[in-house]
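Right, one structure below, let's go through it.
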Amino acid sequence: MDESSEVIQNNDRAVKTVILYEALKNTPIFGSYRRFCELVGHDAMEYKDFEFWYYRFYHGQTDFDYDRSTDPVPKTIMDMPVSLMYKITENLDTVEITNLRTVNKSLKDVADSRPLVFDRVQITVFANCLNWNLNEKRFSCWKKENGCTLQTPTKKMESDKSFMEKGLEYLTSLFKLPKIHVHHLHLSLHGAIAELDNVPFHATSVKLYAFNVNQLFPFLSALSPGKLESIDFDPCCAPQRDQTLRFFETEQFKQAKHVQLKEHLNEEDLLRFRHLKSFKCNLTYLEPVDFQRVRQIISTFEVLESCELKYRDVFDTFPMRTIAQALEEEIPFGPLKTINHRYPIPESNDYLDFTIEQEWYYCTIKIVKTR
C-alpha cells in the first residue's frame, strides 16, 4: 500500500469522501467498489459497508456522522429461507452447483442435497496438459515453466503447482460429490498418468482410450459394477489375448448390458456375451470362423437385442459371399453391397435378422433379434 492510500484508510472522513465522490459520479456500484479498493486498499472496507454508504450518498443523505448502531442487522444470504435456497438451486446448471459448494458450509449442504447430473464428462490427458469438459463447458490446465495455467469458462489463473495437481483439485472434488451422476464418461489417456488412478469415477456409460491397454484397467475397476451399464473398451491397439481375458473377468464386464471391444475373438469367446443386451466386436482373422456356430451361439442369448460383428479374411478380399454361403443363404448374381439373412430361433417365435455389408476390406455383420 502506498503512503497516500494509508493516509486515506486511517481517516474515516477521507474514506467516506472517496465513496461520496464515486456516488456523485453516478457510476455502477461494482466498478466504484473496485476503484475504491485500488485507491484505498482491498482491506479498507467490506463490500456490504461500502454499499450502505454509497446508496446513502447516492440518495442525497450526506451525513458522515450517521450512527448505524440503531439500524437493524442487515440480512445476508444465509438468512434466506431454506425453501427459497432450494428453489434457486433448481435453476443452476451442474457447473454452477459445483461452484456454489465452495461458498460456505450451509450452501454446500444445500448443493449436496440435490442430485448433480452431467450428461457427458470428457477427460483428456496429455504429457503436458489436462483437459476436461463438463457437458458443454470446457476446462484446461497446461504446463508452464514454473507451474501451470488453469483456464475455466469464467476465469484464467496461474499456479505454481504442477498442471496435474492443479487439475485434479477440480476433478477429484467433483467426483467426490455425494450425489453426482454421469451419463457418459469419456476418458482418453495419451501417456502414463498414475495420479488419475485414485480419482473416484462414477458413470452409467464409459469409453476408455489409451495407448497402453493396461492403463485402462485401474479406471475400469474404479467404476461401480452394476451402475456401469455400457463399456466401450477402446485402446489404441487391439489387446493381447491375456488382456482380453483379464477384461472378461472384471465385475464391470460381467454386470454390463452393452459392450464394445476391439479384440479379435473366436466363436467360443462369444459365449461370454450371453448376459448382454448388445455388443460389438471383431472376429478373428487368424483362423477359420464357423459362422453357423456363431449363429447358433447368438441364438441362445435370451436378453440379446442386437449385436455387430466385424470380420476380414486375409485370403478373401470379399468375404461377404463366403459368410452368406456358410449361412446357406442364396446369393444373387452380380455385384453386391448387402446380403440379408433371417434365421428362426429354435423353440421360439423370435428371429435373428442378419444384414451383411461389404466394407473396404472387411464385412460388417449386423444382427437384430425380431419377432
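Yeah, the Cβs are placed from backbone N, Cα and C, and that goes for glycine too.
Automatic prediction, not curation, is the source of TrEMBL annotations.
Annotation source TrEMBL lists domain 'F-box' at 74-121.
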Suppose you look only at the domain 'F-box' (74-121); what would the mean pLDDT be?
75
Counting by DSSP secondary structure, give me helix, strand and coil numbers for the domain 'F-box' (74-121).
26 helix, 6 strand, 16 coil
